[in-house]
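Enquirer: Below, the features straight out of Swiss-Prot:
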type    : residues                : note
DOMAIN  : 4-106                   : domain 'Glutaredoxin'
BINDING : K21, R58, F70, C83, D84 : glutathione binding site
BINDING : C29                     : [2Fe-2S] cluster binding site
Amino acid sequence: METLDKIKKQISENPILIYMKGSPKLPSCGFSARASEALMHCKVPFGYVDILQHPDIRAELPTYANWPTFPQLWVEGELIGGCDIILEMYQAGELQTLLAEVAAKHA
């Protein structure tokens, strides 16, 4: 399977998905740590892809997403953004609402 097809499949199969460095429990950078922590505080299931374990995805995703950095949060096939946007939405209460609605829809 080509990298672009892998990315599209991951995004379509996971209603809430974060591409990050490391894992939510063992993040490998501060931005990924803060972003995944905000997601975990929302208490909804989400998927993740450790881009350090998938250099092909790490290389291809920024072009596909038109977003140059990681982490990247995808919700129902749409790119939400990176760490700053995730944290801003969390602090405003918007992330919790969005993720709760999506999780309920896909439960």
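Positions of Cβ are set from backbone N, Cα and C atoms, glycine also.
Keep in mind it's a predicted model, so treat the numbers as computed, not measured.
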Enquirer: Please report how many Å separate the Cα atom of C29 ([2Fe-2S] cluster binding site) from that of R58 (glutathione binding site), as a whole number.
Expert: 14
Enquirer: Determine the minimum-neighbour residue: among R58, F70, C83, D84, listed as binding-site residues, which Cβ has the fewest other Cβ atoms within 10 angstroms?
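Expert: Each of the binding-site residues R58, F70, C83, D84 was scored; lowest Cβ tally within 10 Å is D84.
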Enquirer: With DSSP, how much of the domain 'Glutaredoxin' (4-106) is helix, how much strand and how much coil, in residues?
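Expert: Residue counts in helix, strand and coil order: 55 helix, 19 strand, 29 coil.
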Enquirer: Just counting, how many other CB atoms are there within 10 A of the CB of K21 (glutathione binding site)?
Expert: 19
Enquirer: Considering each pair of residues in K21, R58, F70, C83, D84, all listed as binding glutathione, report the largest CA to CA distance in Å, no decimals.
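Expert: This binding site's residues have a maximal Cα-Cα distance of 19 Å.
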